[in-house]
Amino acid sequence: MAFPAPSSSSPRRRGRGLAYLLVSVLLLASRVPGAAGADSEFEDGVSPKFPGCDNPFQKVKVTYWVDGDERSSLTGITARFGEVLPATGSDGDKRKAVVPAPKTGCAKSSAPLASSIAVAERGECTFLEKAKTAESGGAAALLLINDEDDLQKMVCTQNDTVPNIGIPVVMVSQSAGRKILSGMDGGAKVDILMYAPEKPSFDGAIPFLWLMAVGSVACASVWSFVVVGDEDKNAPTLGGEEAADSEIVELQTKTALVFIVTASLVLLFLFFFKSTWSAWLLVVLFCLSGLQGLHYVASTLIVRTCDRCREAKVALPVLGNVTVVTLVILPLALIFVVVWAVHQNSPFAWVGQDLMGICMMILVLQVVHLPNIKVATALLVSAFMYDIFWVFISPFIFKKSVMITVARGSDEGPSLPMVLKMPKEFDTWNGYDMIGFGDILFPGLLVAFSFRYDRANGKDLTDGYFLCLMIGYAFGLSCTYVGLYLMKSGQPALLYLVPSTLGTIVTLGAKRGELSQLWNAKV
């Protein structure tokens, strides 16, 4: 059966005021590797290897104790050289932490290092020289503190002799190193345990994350038809009745250029000015847009099931006539958002983050529309090129992947919240699998367009485009996770999702002789 065509009369559109700006900022700032997770290795296939200097880069769990009090675990990376760390650790493997003198560890230490873990700072000499000095001083391991909030891969050069280092060599970020050093203030005893847990062969979080992403796209695409309904285009808003007259944001071809420039500037800002306050700014923006999303989704669901709730209104100063539903839902949504913001580092905070994120994306896909595949092609191809450049090409310019560095964040301040995430229950790291909002929203705009196009042209699931694009999105996302598994690193999902969605509708349109109509449509 064909989808009912929308009414020929122009429906009143839902206004969102400030939410448009907030959603746009999140859309531009939500660029993280599409499928990301905490892998046990950092292999990239590029860093040089030489005989005796060919260890895999492994992710290291660095746990430390201050006067017997266990602190949070930190993350490090092993060197190409040195002894390989065990996959498990026990209290018997703990070693006392000692800062060598000099603190860079480039010369024989005046502080005794025997059977300890030397905690040295980066600089003044090579990684290999530091390792040789620490080993000659009797250290059981070397823990290097980087001079920036990132992890540097420690390699050998062609001019280096075969290192033959017999102790583990690990690096931690500057912020992680500061935590260890601060624990040693005042003469406190600090013990360190380092080991490299292996990644489990099965990641049970990925199927659930896949379902959330695919379900979000499907739900948001059909929301206005299934939940809101043609008879009720005026869902409750944060403002009064006049707010409902605002038009839906219809993207144009020039949006692609605006996206490339603005998103790149935002990404570079976060890369060069990576700080606690900038992370908190993004958290605040996420909370505001999440509040809008929660209110919108809850309000439309209530109004859909309760006809009388739609009509109950009260007059408020400035806001005008506001529905009773809004007066009830908005405070509850605000409490939910505030509780999440306060407890965002708790083990179950991901539930609230995912709920706010899904509601926000449903709202975005009701507010922002693609009118045809001409605009879709410009936007998605630009986003595709954006992902490729900032993940794979930027290391040749900035010495590291800008997007991955921003997505990884730092050990200080909150993590970037613009992702759907799911805990990896079977992983020793207790990390998360993630997918960025942009990798749901950009293809979602095209999928939502296909649903509106099918309705406008009286097509059903068998001869329309919506079902095919949903299958294409699901297939592309599956390929993303296959790439994650094979390459052992975060994947730019749009690399797979743009061909599987845009390529699908272009191919089908050409085969059916409807490509010109799709290209110039206005739905």
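Cβ from N, Cα, C; glycine included.
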Candidate annotated in Swiss-Prot as N-linked glycosylation site, out of N159, N321: N159
S299 vs G513, same side of the membrane according to Swiss-Prot: yes
Selection from 322-342, 348-368, 431-451, 466-486, 490-510, the stretch that has most Cβ pairs under 8 A to the transmembrane segment (276-298): 348-368
Contacting positions for the transmembrane segment (490-510) when only residues 6+ beyond its ends and CB under 8 Å are counted: 32-37, 373, 376-377, 380-381, 383-384, 386-388, 391-392, 403-404, 407, 435-436, 438-439, 442-443, 446-447, 450, 465, 468-469, 471-473, 475-477, 479-481, 483-484, 517-519
Cα separation, D387 (active site) to D439 (active site) (Å, whole number): 10
Selection from 208-228, 255-272, 431-451, 466-486, the stretch that has most Cβ pairs under 8 A to the transmembrane segment (378-398): 255-272
Rounded Cα-Cα span from D387 (active site) to N159 (N-linked glycosylation site), Å: 36
Where N159 (N-linked glycosylation site) sits in the secondary structure, as DSSP reduces it to three classes: coil
